[in-house]
């Protein structure tokens, strides 16, 4: 039997976690006071701090064992906790500066799973390129289900925040990162197609669900280039674009051919599962791609692809100026 | 049947919560961007930000229905979420500037309970005097148990942070706020003495458990006065003092007569429950009182009472230079 968290005191568990949260080259210089006191102290060089929070709950946001046989590792959950929080800062045009992480764990949770979670947090911060960020504190507690909440701070480094309400008719709608792949990966995890039987292309879709890779360089670059509106796609392209449309009082019109090309990496998975790849593109969110609007004169914008345009009119989302009628709109309604 | 969260969309639930999170006089000037985008933006006037996170989980940190009949209200849980986070900032000598709150809710949770939680957050911020703070964002999700995580930011306004490691032999150990009352309140809640039968003095102890009142003015004042070490008492006086002793490599010696006078408000409850009031004083934490050490030349320090002194020697906690032997030390060991 593996060692469980019920067999360790809080401080003994912390002693196993904290060394795994160290940055590879020591704490970034912005960490003025790390774990060990009632609060951490982090630099906010331009006198402002971005702040967000996200939670993952077992059986709601991930399953420990998926129908296709894949077992979610602590590494996956730690990675995703970091990724989705770092993405929120990216979406404002900022660089993440710190994370605090609260873990709620059943007593039966293996200590190794929790150590793995710490490794996943650290790996995501490093591999996604959030070089100014580290984990500066947290909270440990018990519950009947695993729940992981991270809060993140970020710095705009003097830039203006890019909000959802600034899109104007005539702007180009651009996308960085991917969309629909995490949803395809989720469908594979929920299917009866054994995890061990999947080829490399399909495994990459599963990985996109379990370890998303938000394009962290794209947010600050878009802010610098004068993006008029921005948000990350966490709940689905249409649903999130509808929020941007509402905040900006404009219509977001996607180009059908752009959506088609976004769906092409999903065709094989869709064939296997008898699914429509366009539904994943329109409804899938957890890739944490970045949706922005920019004045046409800043195009091309490195890292982004044009996927639509902003039109005057009611706050709505269209595809080729038509309602996205055949793609299960109801699933995506607020 | 009351309306439940399962009957509302996320956005409909948010529409009911957000108006209740408004500050009575509008957002404090430090909130540069509130809810509605991927991250909030908060002023950090001295170029640094304090950050902490705390979680409460149903049946671990509170019961919806206690053995004595009391039903925990959403207001209680919201108040406590704010209070314990605000206390972390207080313990560093800072003023809280913002909260983000993540709610995990079973679908059967009454919407009214959640609205009440939002009211409790707002009330605690106002009544505890955190006038520079407001709720700037959050996350809503489902789970099988109620879980509430808040993260808090704070500003030192140019002061140095007061950490746990700065206590020096000769310092006076001082306490602001109360200790042991929340533990006595917990014992009453867990008892068979019906809530409705309790007199005003005992009800105040229950209230201290459900709606703690950390002394938020005391932390910045102690920092200003040059406190050498500080922390809030969240896990018990002896256990937390032991952490301070370890971080500072000193012995914390409590004065027996000071502890006795801290236990006098608990004597009636202890009599009713056949308990030792000194155990509550030494082991109870959730009042979120403030423990600090100061040079004798800054005494008296407004808002604080002297309760002990710092001695050279092994990192340990003593009472009148003796181990606190008869008070269940094992319960409080790390």
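Every residue gets a Cβ built from N, Cα and C, even glycine.
Now, the feature entries from TrEMBL:
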BINDING   A:38, A:88, A:232  Mg(2+) 3 binding site
BINDING   A:38, A:52, A:88  Mg(2+) 4 binding site
BINDING   A:54, A:139  Mg(2+) 1 binding site
BINDING   A:54, A:88  Mg(2+) 2 binding site
BINDING   A:61, A:286, A:329  substrate binding site
BINDING   A:138, A:139, A:164, A:234  ATP binding site
BINDING   A:235  Mg(2+) 5 binding site
DOMAIN    A:36-154  domain 'PurM-like N-terminal'
DOMAIN    A:168-263  domain 'PurM-like C-terminal'
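Location within the structure of each feature annotated in TrEMBL.
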residue	record	CB count, 10 Å
A:52	Mg(2+) 4 binding site	29
A:54	Mg(2+) 1 binding site	25
A:61	substrate binding site	21
A:88	Mg(2+) 3 binding site	31
A:138	ATP binding site	26
A:139	Mg(2+) 1 binding site	20
A:232	Mg(2+) 3 binding site	28
A:234	ATP binding site	21
A:235	Mg(2+) 5 binding site	18
A:286	substrate binding site	25
Residue A:38 (Mg(2+) 3 binding site) versus binding-site residues A:52, A:54, A:139, A:286 - nearest by Cα: A:139
Binding-site residues (A:54, A:139, A:232, A:235, A:286) in Cβ proximity to chain B, threshold under 8 Å: A:54, A:139, A:232
Minimum Cα separation from residue A:88 (Mg(2+) 3 binding site), reported as the residue among binding-site residues A:54, A:164, A:286 that achieves it: A:54
Candidates A:54, A:61, A:235, A:286 (binding-site residues) - the one closest to residue A:138 (ATP binding site) by CA: A:54
Integer average pLDDT (0 to 100) for the domain 'PurM-like N-terminal' (A:36-154): 97
Spatial neighbours, same chain, of residue A:164 (ATP binding site) - Cβ under 8 Å, 6+ residues apart: A:229, A:230, A:231, A:243, A:244, A:247, A:248
Spatially closest candidate among A:54, A:139, A:234, the listed binding-site residues, to residue A:286 (substrate binding site) (Cα to Cα): A:234
When distances run from the Cα of residue A:139 (Mg(2+) 1 binding site) to each of the binding-site residues A:52, A:61, A:232, A:234, A:235, the nearest one: A:52
Structural state census, the domain 'PurM-like C-terminal' (A:168-263) (DSSP three-state): 51 helix, 13 strand, 32 coil
